[in-house]
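Engineer: So Swiss-Prot lists these for the protein:
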DOMAIN    8-290  domain 'tr-type G'
BINDING   17-24, 88-92, 142-145  GTP binding site
Amino acid sequence: MARTTPIERYRNIGISAHIDAGKTTTTERILFYTGKSHKIGEVHDGAATMDWMEQEQERGITITSAATTCFWKGMDGKFPEHRINIIDTPGHVDFTIEVERSMRVLDGACMVYCAVGGVQPQSETVWRQANKYGVPRLAFVNKMDRSGADFFKVYEQMRARLKANPVPIQVPIGAEDKFEGVVDLVKMKAIYWDDASQGMKFDLRDIPANLVDTCKKWREAMLEAAAESSEELMNKYLEEGDLPEADIIAALRARTIASEIVPMMCGTAFKNKGVQAMLDKVIELMPAPTDIPPVKGELENGEAGERQATDEEKFSALAFKVATDPYVGQLIFFRVYSGVVNSGDTIYNPVKGRKERIGRILQMHANQREEIKEVRAGDIAAAVGLKDVTTGDTLCDLNAPITLERMEFPEPVIHVAVEPKTKADQEKMGIALGRLAQEDPSFRVRTDEESGQTIISGMGELHLEILVDRMKREFGVEANVGAPQVAYREAIRKEVEQEGKHAKQSGGKGQYGHVWIKMGPNEAGKGFEFIDAIKGGTVPREFIPAVEKGLREALNNGVLAGFPVVDVKVTLFDGSYHDVDSSELAFKLAAILAFKDGMRKASPVLLEPMMAVEVETPEDYMGDVMGDLNRRRGIIQGMDDAAGIKLVKAEVPLAEMFGYSTDLRSMSQGRATYSMEFKHYSEAPKSVAEAIIAKK
């Protein structure tokens, strides 16, 4: 089967934004205009096509990023048909992991901002993730019809808060209830959409007289940004004072793909204005899979390799999401970087070292699906029948293994104990939790050794609440949930040398292991580092892995309160052995003893997770909010003003933030909102640490 759309006409984009910027509505409109959904789905009435889990429709927030394919020929049909694969990403900070994984497989992103709220905390997080993966971006300022809408304020915020280089390529005609359309600065024409056809039809008119000067000013800024793409274009611009349309588009495209500029557009998705023009810009300015550097990975021999985005290249793909589907079981969403794969093919997963057979391949449209026979470079699809694939795994040709760069997933910061309500739920709960953990790498499940309880960990209260809810709905498991607990850590502050000796001589073969270690603090976030500095075989080669294993085991339970120990550097520098009595077990036990004794002397401290908290509050409640954050041991980092709303930034220990949403609601009569994300671990004050240790 030949390719239906050339790869140059593919656009793999994400739509990403803060919670209420109107991202799902924007995606719905895209599906409507591209003819994939015949009736517009409104989030307000819980019918949005993209939000397909029951909970999303109830809560009106997007939890899983659904992938959808649609086709577009331009507002006036001027382009050959382009294929746009859209990944809708969640805006709630507890689901940052979803954003992170979709960023990894996108070629470009459309950042949706609310014209009133502007750049909000989650927007900054998403921006950082897009920077990390080098994703080119467009900005769409939505909700221009809302009171307080201000396109240029969002422009300033993008510069100040995101340190971005936004370039408006449209100017709004009016704002709030007077918002009528946009001026296209490339064509210098005003675009008005027709309400009766829900924006399917439009008119091009002259620019309203009161906007001519504004448009000239912003067009000049846009031309300068375009001209900076090359010396030759700059000279042409300086000589002629203007540039032809084709040159402007080509130059803006080159600079957007290089992540040097972020073209800005505006509209109101809800009122069917602006999304159509944004789609045109996705085609004109966003990269095709062939416009970005070839994907990099590691070959079987450990050397660096890459794969070109062509059908002739060997097959390679990245699994970026695992979802359980009520009809077909487990779906693995994957992005094909190179080559072709057919349903029924056997492929290789180098991360797990397993062969897998692809049963069926489905092209997704929100939660409707179409079965297809093959997928090619640039495609995003879902596979059924893969047995052991986790998010971030590579799928590739059996005869040309390559492991694509893996994704990094954050460590969970909050955990709760869950207990099945009945004996019958016990086994089902184990299966359900295993499934959910496979779908979501930021969710962990373990059994507490002391209490025998099942502990689940995640990125925040909402994250865990939704997972427990899914357990009930999708797997029919009723569970009791304990109070949330903070994931504390332990660390050391001093460098010490310590001996560890395990010797038992009781007739027959004894046990003998003896080590000297030097242990000290490692850089924050570096984790555990083991250095083998044995000279002259005082500890034989074959026992050194056992020493490291013992140390890693000892890290699981610190000496203060049994929390995991982080950021420690341990050097094994001396020891002794016995020809007959030494064994791996003896050296492992000696290492554990040395670590425990050494840690007691190395000024152990308790670390607690600190959260970056941003509160938006009307001025009247400012005093209460600040006072309350101080009481919660918060450190105020800064304050900002936005249209009569005060923005307070603080760093607060997670332990003090439980139940904050309820307290904030009552303190501000429901008018203040907040967002919070994990920042880093820091040393808990002495009084706090003592109280936690005493509880243990």
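Using N, Cα and C of the backbone, Cβ positions are placed for all residues, glycine too.
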Engineer: Applying a 10 Å Cβ distance cut-off over all chains shown, what neighbour count does Met144 (GTP binding site) have?
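Structural biologist: So the Cβ neighbour count for Met144 (GTP binding site) comes to 28.
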Engineer: Kindly state the mean pLDDT of the domain 'tr-type G' (8-290) in the predicted structure.
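Structural biologist: Result for the domain 'tr-type G' (8-290): average pLDDT 80.
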Engineer: In which DSSP state, out of helix, strand and coil, do we find Met144 (GTP binding site)?
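Structural biologist: Met144 (GTP binding site) sits in coil per DSSP, no helix or strand.
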